[in-house]
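Noted in Swiss-Prot for the protein shown:
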- GLU106: active site, nucleophile (ACT_SITE)
- GLU197: active site, proton donor (ACT_SITE)
- 19-210: domain 'GH11' (DOMAIN)
- ASN101: N-linked glycosylation site (CARBOHYD)
- 1-16: signal peptide (SIGNAL)
Amino acid sequence: MKVTAAFAGLLVTAFAPPVPEPVLVSRSAGINYVQNYNGNLGDFTYDESAGTFSMYWEDGVSSDFVVGLGWTTGSSNAITYSAEYSASGSSSYLAVYGWVNLSQAEYYIVEDYGDYNPCSSATSLGTEYSDGSTYQVCTDTRTNEPSITGTSTFTQYFSVRESTRTSGTVTVAIHFNFWAQHGFGNSDFNYQVMAVEAWSGACSASVTISS
């Protein structure tokens, strides 16, 4: 989730099967999905037609929650957003978040975060540059954990922005293409949202998705 002498490397390059080109799926619908996983742990409100949501939670959150707005079927389309996100002292993310059906994977493009960087404890895949910043890229395997199909074992992919921000355009295709070199299935998408996730601390977020 890893290179030999130069000559051996040349042989591997010469005889390895080509990496298939990723299939990039475009989004055809406006916002049509509300993500509300344990939103009752805080004050989650949203206006689907306006593309806005907010979440406030107090210190003492007892479990993980993920809330946001997006699309029932994900895509490689760019996502433009603006947010007011106060993450200090919380374990939380502001991220593009979604799932792939086969092979099952959970993914995050983390634009800002609180006191925990998920790549600090995962397997590094290197770095990539997108939208004015370097992103750390990493992967992890979750075993017998909650998923879109109940309890299952699946792969997680993370791109974590080094120059964090709370507004801008996320060129999703760059991240999908990078992950596809490491096993990410780039076509059979489940839902995709601009999300806030947290599991400790106190924080507030107000997010607008414009595309």
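The chain as shown is numbered from 1 upward.
Glycine too: its Cβ is placed from the backbone N, Cα and C atoms.
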Cα-Cα distance linking the residue listed as 'active site, nucleophile' and the residue listed as 'active site, proton donor', given in Å to the nearest integer: 13
Active-site residues compared (GLU106, GLU197) - the one with the fewest other Cβ atoms within 10 Å: GLU106
Same-chain residues at least 6 apart in sequence whose Cβ lies under 8 Å from ASN101 (N-linked glycosylation site): ILE148, GLY185, ASP188, PHE189, ASN190
